[in-house]
Amino acid sequence: MNCTKCDREAVLHAEYSGAHLCEHHLRESVESRLRRRIRKDGLIGPEASPEDPETWLIGLSGGKDSVVLTSILAETFTEDPRIELVALTIHEGIEGYRDESLDAASELASELNIRHEVVSYADEFDLEMDDVAETDPENMAPCAYCGVFRRDLLSDYADRFGADKLLTGHNLDDEAQTALMNFFEGDVAQMAKHFDASLGPFDERTDSTDFVPRAKPLRDVPEKEVALYAHLAELPVHMAECPHSSEAYRKEIQELLLKMEAQHPGTRHSVMAGYEELAELAARAYRENSPDLGECERCGAATTRDLCRTCQLTEAVHAA
Ligand code: SF4
C-alpha cells in the first residue's frame, strides 16, 4: 500500500484517521503533532527570549517515549534560543535494567549536545528499588513507591535547576489509560489533579499549584507510532521491561483500550477529548475547596500532611 500523501511505500496504517503513511510522512506527522501540542498548550512563555530563555527539564529514562520527545525537542529548539533543554535521568537501583537505559540516555544527550544530569534513589533517599521490592513494608506494588519517589525527584530537580517547565514523554495510550482508570475508580479528585498537573493550557492551571508546571507534548501520539518513530530514526532506545513492573490494573485497562481501539478506531482520542473537558470542570471545582499546602516537617516539600508521602515511605523502608 502506498502512502496517502506521496507514492512511497507506507509503513503505517493509522486506522483512526484512515491514513497510510510512509517513513518520511510518519516522522513528519509525529513531529508536527508534538509541535502543535506545544503551541496549543501555550508552552513557550510570552517572556521567553534569546536573552532570557526558559529552561525545560525533560525526564529522560532512555525508553522510547522520552528518547523521541528529547530528540524532537532538541531538533525543534536548536535554532530557537528562547528555550534551553536539560535532560534528567533517575537511577532507581534496579539491577540489569536501569544501567542499560542510562547508557541509551547518555548516548542520546551526547548526540544531541544537551546537558544531561543523573540522580539516584541511593544518593537521594539511601535506598534502591531492588530492596524496596523485596521488603515492601507498606504492602504495596513496587511501582507505587517508585512513582512517588520519581515524581518527588523530578519536581525537586526542576526546582533546583530553576526550570520553568517539566516535560515527560507520556503518549496517547498512557494518558487514555490514566483517564479510564480515574473513571473506573470514580476518582474525580484525581481527575482534577491530573488536569492541574499536566493537561490543558498553562494559563488555565499554573496559578493553582506551587510546583513547576508539567507538560506532556507527546500526548496526542499513539504509543505504536512513537515506537515506530524511534525505530525509523534509529534512536538509541532501551526496550526491556522493568523486572518490578507491577501495574496489573493498568495492564488490564491497556488491553481493554487496545481491543476497543481495534473494534472502534479513534476510541483513545475520544476518551481524551471528553476526559479533558470533565477534568477541567473538576479542577475548577476542587481549586475552590483545596486545602492549603504546608511544608513537610522533615524535608520542607509542599504537602497537606505533617510528613510528605516520600518521607513517609522512605521512613517505612528504612525501618523494615
Ligand atoms: Fe519503577 Fe515500576 Fe517503572 Fe519499574 S516499572 S521503574 S518499579 S515505576
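Every residue gets a Cβ built from N, Cα and C, even glycine.
TrEMBL labels come from automatic prediction, so no person has curated them.
Computed over the domain '2-thiouridine synthetase TtuA-like N-terminal LIM' (2-26), the whole-number mean pLDDT of the model equals 97. Taken from TrEMBL, the feature domain '2-thiouridine synthetase TtuA-like N-terminal LIM' covers 2-26.
Of all Cβ atoms in the protein chains displayed, 19 besides its own lie within 10 Å of the Cβ of CYS3 (Zn(2+) 1 binding site). What TrEMBL lists as Zn(2+) 1 binding site is CYS3, CYS6, CYS22, HIS25.
Look at TrEMBL and you will find 56-192 tagged as domain 'tRNA(Ile)-lysidine/2-thiocytidine synthase N-terminal'.
Positions annotated as ATP binding site by TrEMBL: GLY59, LEU60, SER61, ASP65, ILE90, GLY169, ASP174. There are 23 other CB atoms within 10 A of the CB of SER61 (ATP binding site), with all protein chains counted.
Same-chain residues at least 6 positions away in sequence with a Cβ under 8 Å from that of CYS296 (Zn(2+) 2 binding site) are, in sequence order, ALA302, THR303, ARG305, ASP306, LEU307, CYS308, CYS311. In the three-state DSSP classification, CYS296 (Zn(2+) 2 binding site) falls within coil. The Zn(2+) 2 binding site feature in TrEMBL is assigned to CYS296, CYS299, CYS308, CYS311.
In the three-state DSSP assignment, the secondary structure recorded for ASP65 (ATP binding site) is helix. For the recorded Zn(2+) 2 site, residues CYS296, CYS299, CYS308, CYS311 set the reference point as the centre of their Cβ atoms, and the other residues of that chain within 8 Å of it by Cβ are GLU297, ARG298, GLY300, ALA301, THR303, LEU307, ARG309, THR310, GLN312. Considering only the binding-site residues GLY59, LEU60, GLY169, ASP174, CYS299, the residue whose Cα is spatially closest to the Cα of HIS25 (Zn(2+) 1 binding site) is GLY169. Cβ environment of ASP174 (ATP binding site): ASP65, ARG219, GLU223 lie under 8 Å away, each six or more residues apart in the same chain.
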